[in-house]
């Protein structure tokens, strides 16, 4: 095949893969729609509600495993599984600390993945350093703002340092997402930070009760997990394309 035929073939392959990926994500979209359809502000915590809430994240883990294989258990797929555990824990307010711990592990797994060879490595640019600084300032400022409210919360002796460690981990995860230069990965990490910030403002009563506040949290959360999932699958796809180009 000449260059034009090869290029046309590659375009068809990418288009077919995009369609296949969209089809594999349909269960996630349907389960997310089911969650919002069944959601009520006074929903009683139960195993059923925990299952409905965590189902979209677990289905994304299945998608990653089906596309990237078992090695992703120690990467994004594992992060999604721990996120689903966190989803279940947060259904019961008394398990908030356990849920935060599960999400902290998820951020660690995401961070390890963003450092892996499947994501191309780039030398740090001045723009990247500037964005790292912005993330650090925003994360630090938000924790300082939150600190007095953490002191008033039950179990403040555990929550105050725990939330601080959690914010460090999610900030590192977002910084490493910048390093990947994958738009979906970066937007997913930032959406995760927005979701967690919204949750913190409500849980620790920084703001008066917000109508449909939990919906804002979950929309940005599901969007974050979706984008991180797509970014990871695309990273492997791009790496494979690059390998083929080097061999040709």
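Glycine is treated like the rest: Cβ placed from N, Cα and C.
TrEMBL does not curate its annotations; it predicts them automatically.
As written in TrEMBL, here are the features:
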- 20-38: transmembrane segment (TRANSMEM)
- 44-65: transmembrane segment (TRANSMEM)
- 72-93: transmembrane segment (TRANSMEM)
- 99-117: transmembrane segment (TRANSMEM)
- 129-146: transmembrane segment (TRANSMEM)
- 158-178: transmembrane segment (TRANSMEM)
- 185-203: transmembrane segment (TRANSMEM)
- 215-236: transmembrane segment (TRANSMEM)
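Ranking 20-38, 158-178, 185-203, 215-236 by CB pairs under 8 A with the transmembrane segment (72-93) puts 215-236 at the top. Counted over residue pairs separated by six or more positions, the transmembrane segment (158-178) shares at least 3 Cβ pairs under 8 angstroms with the transmembrane segment (99-117), which defines the two as touching.
Outside the transmembrane segment (44-65) by six or more residues, the chain places 21, 24-25, 27-28, 31-32, 34-35, 38, 72-73, 75-78, 80-81, 83-85, 87-88, 91-93, 218, 222, 225-226, 229, 232-233 with a CB less than 8 A from a CB of the stretch. Long-range contacts of the transmembrane segment (215-236) within the same chain, counting only residues at least 6 positions beyond its ends with a Cβ under 8 Å from a Cβ of the stretch, are 21, 25, 28, 32, 35-36, 39, 53, 56-57, 60, 63-64, 67-68, 72, 75-76, 79-80, 83, 110, 113, 118-119, 180, 182-192, 194-195, 198-199, 202. Residues of the same chain lying 6 or more positions beyond the ends of the transmembrane segment (129-146) and with a Cβ under 8 Å from any Cβ of it are 163-164, 167-168, 170-171, 174-175, 178, 193, 197, 200, 204, 206.
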